[in-house]
Amino acid sequence: MSLLTVKGLTASYGVSQALFGVDLDIAAGEVVALMGRNGMGKSTTVKAICRMISAQGELRFDGQDLHALPSHKAARLGLGLVPEGRRCFRDLTVAENLLATSRPGAWDMTKVTTLFPRLGERHSQLAASLSGGEQQMLAIGRALMTNPRLLILDEATEGLAPIIRQEIWAAITRLKADTDMAILVIDKTLAELAQVSDRAVVLERGRTVWSGAMAALTPDVTERYVGV
Amino acid sequence: MSRETLFNAALLLGLLLVPIWALLTDEPFTITLATRAVILALAAAGLNIALGIGGLVSLGHAVFFGIGGYAMGILAHHAQGFTPLMEWPFVIEGTKSMPVIWLLAIVVSALAALVIGLLSLRTTGAYFIMITLAFGQMFYYFAISWSAYGGEDGMSIYVRNDFPGLNTLAPIQFYGLCLALLVVVLVFSARLRRAPFGLSLNAARQVPARLEAVGLDPMRLKLVAFVISGAITGLAGALFADLNRFVSPTMFSWQFSGEIMVLVILGGVGRLFGPVAGAVTFVALEHVLGGLTEFWHIYLGLILLGVVLFARGGITGLIAGREASHD
């Protein structure tokens, strides 16, 4: 059964329509890559799923209609968002960032710092003083502390040094192997996406134009819609 | 131990030693001044929860201070005049018991903060400031028109209320009581800011939208903080009224709301002992400069200007560093 169901999703920013019909399904434990060139609606789809913007069309999480819920209640169902641009709470320490969002469940401070040892080493350091990569790890840790059933990673490796990107991809691979958490991942690096994802959904001009197993994603499709 | 912790300990030690010195040298007025500073620090500690952690710039906190004051005034007025507070549908007598008065001041202030918060927290920025200011003015003019309790002239209470086992008319004993309450509130504030609630509230001040994305409702967090903040300021109002044995509509005035905010900014917004540093400095300036000129507020204004422009963390920031301690 589908954990997240998105059908015919449309959304607008004022008079400017951004989504024209996005279809997307994610089952528990599945890793799905949401792909497409810049400006094709990937982040808008994430914002609509997380109820950060209003949208129309079918939008269900674990059978529950997300349209009826404000953003924070939708998140409490088990949606964990790692937003584009990280946006950690700069005036709080690493430990405080994690504690501020924690909810009961398997993920706690120890588990997060085991996944990202750098966070453990800097637990009493202000988030503002962390490097970009460490802030990204903190943003992922913060989302994990909410014990989500679906983790959404929006451009989690964008602008990071290759070694940090490797650490983050390794963490995602570990999450896939060790947990039954579903993951929706948006990224521009096709090779890493192909390694970690079970399926891919490709957006073009706010519409789903391709959906299927990652192994079935052909160079023809990626060249045409992703630009790589 | 951080510099801020040392600074806080020194302030607390000062609050303990100065009144003892005043007692030994027979300077009761100094004890009264210290009591005023401690009560104002308590009011500011209340605002510091809303303003310092939650970022809520309330220009209506005098409402809660006034409610606390009038809760004391009304209960004591009926108790000392041997007239019931209410006769129908059942008889309620006034009281001279401080713990009962404090409890009522806290409950009524909290309820007022809940109602005001529910309406005003729908707005942000300048609109939030204006709505809280408007509530302040409403209560101020209501108190002026409430002739049963003195109207514009206010109301005197002839004897300070009682606390079991203490002679509250002895300045040092009343001071000790006020200081104990301040310490309780500061310990509570310290625990609150380290608890998940306080951390989430701090996060709500920084990036409210991001907090919603992790399943927390910033509006609810801010409302709870506003209610706690109002309740503490209400308690300070009840003590202030007992200190002066007098309540008047000026306790509700927007100038007083501004004064509480000045204490927080002067001492250091969001710093645990910022309200204490602010209140002690304010009362000291009021006493020293007030003895030199009746226009002492001009100098206070200059000092405040200096703090805002050059000392972001207030007096605490100047002495203990700009970054708040996360000890």
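Here the Cβ of each residue, glycine as well, is placed from N, Cα and C on the backbone.
Among the ranges B:62-80, B:195-213, the one that TrEMBL lists as transmembrane segment is B:62-80. Residues B:223-240 are the range that TrEMBL records as transmembrane segment, among B:7-24, B:223-240. For the transmembrane segment (B:169-190), the most Cβ-contacting stretch among B:38-57, B:62-80, B:223-240 is B:38-57 (pairs under 8 Å). Where the transmembrane segment (B:62-80) meets the stretches B:100-119, B:126-149, B:223-240, B:260-285, B:297-320, the count of C-beta pairs under 8 angstroms peaks at B:223-240. Most Cβ pairs under 8 A with the transmembrane segment (B:38-57) among the ranges B:100-119, B:223-240, B:297-320 are made by B:223-240. The listed stretches are B:100-119, B:126-149, B:260-285; of these, B:260-285 has the most Cβ pairs under 8 Å to the transmembrane segment (B:297-320).
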